[in-house]
Amino acid sequence: MYFRKELPQKYECFVLNAISSPPFYRLISIMKKRTRRTLDQDDPLCCCEYIDRHGGRSHMAACCCDCEDLDEACDRWMTKKPQNPDSLSRVMATISDRLRVPWIFGARQVDISVIPPLILLPVFLHIAALHYLLGILVLTAVPIMVLWYYYFTHRKKGHTLFFLSLALFSLFYMFYLFITQVVPQGDVNSFQLGAVTAGVALTVIFLIITKRGPGNVRPLPNDTHSTVTYHKPPPEVDAIYLNGAQHQVVIANREQTDESGTEQQGVQKRNWCAVCKVVRPPRAGHCRICGVCILRLDHHCVWINSCVGQANHRNFLLTLVFFLLTSLYGISLVLRSVCPDRNVMTALFYCPDVYNQFSSALCFTCAWYSSIVTGGLLHLLLLQLINVSFNVTEREARLALREKTARSRLWGLIIDTGVYSRGFRNNWIEFLTMSKASEPSNHKPSDLV
């Protein structure tokens, strides 16, 4: 044999054992698979194929294959060895990368944060419907947990679909219970059912329109320096939207070509975004969660998983209005059905014998849950209407309060910076007539999430 001629006798057994060991064959199989993936990389993806986080081509049927990270973590746990610091993060990244659903032109990744609301919300509501004390406990704990998770993700500037999943599932689940529990009792006529259905449909339609994009800042063609194409997602861009597609970034000239002097250069220097490589126009801002600059940036709304800017601010307000009208009307219909002898406001706080039947208790609990959500969104809509009336964005209000250059009234509800305000009427005319002068964002139109 070759090894017998070239190697000393004492190393022969060591080399033969190393070649015949399972890890060696596992490494060879992985190298072959990756080579095969590279050769087939240019072929179009079928509905069950996708580009994994390592840049290779994979299939949904192979979701349990080549789990090196999970194998290593299990081996260390079985042998009572300490885990690597990044073991859990690598295992979660692998699970998140392989959790997909079939889709046209390649399987789409499903974010793990979408799943908890789908499971926990029905469980919590059914537990709360068992007894009024459990209802008080659950309906108090759920908002506290949601707020805690919001501040946790907001502090880390992380991208999560938890809140969008909770909002959409709450809307559809409340509508499902309305159809299956309230309508069969005969207290809702066809017109009322049609009104609730139309409200839900309009809310979803305007949400989809809002999700088309807030209006990204793009440099003018004359100011374009170069275009960089990323074949893998950059660190500041969420890879869930790309699904293996190329991502292009336009880099603008930073040098001033006009003869406007040093004052114009100073303005450009202050408005220069080092991440997006563009000069931001007035009132534009950079979102650290989305990783892009937005025209007239108001805020990043976790409930729609998108920024609210110049191109979608009006549609965002319409989404809130249709949701609130539908929710308030639906709550009134539910309370009239489960407590027909009492006023709507009285029934919400006192409805005797409602817990005698589980179906009526579940409807009453859902009415309380919808009231809590409606109260929060009503506060958000009120702040938005006040800001539009004073022609100030949420981002500008926070910056002005931080720099102590704004006037705060009515316990912080009104923040007047006095920079762009031209009177109540002119402010609303400007808001309702502002253009959507921006190029489409990198998000695909089919991406509701």
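Using N, Cα and C of the backbone, Cβ positions are placed for all residues, glycine too.
Some features that TrEMBL has for this protein:
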type	residues	note
TRANSMEM	133-152	transmembrane segment
TRANSMEM	161-179	transmembrane segment
TRANSMEM	191-209	transmembrane segment
DOMAIN	269-397	domain 'Palmitoyltransferase DHHC'
TRANSMEM	316-338	transmembrane segment
TRANSMEM	358-383	transmembrane segment
The transmembrane segment (316-338) versus listed stretches 161-179, 191-209, 358-383: most Cβ pairs under 8 Å: 358-383
Sequence-remote partners of the transmembrane segment (133-152) [C-beta within less than 8 Å, at least six residues beyond its ends]: 124-125, 127, 162-163, 166, 302, 361, 365, 368-369, 372, 376
Summary of DSSP states over the domain 'Palmitoyltransferase DHHC' (269-397), given as helix, strand and coil counts: 74 helix, 16 strand, 39 coil
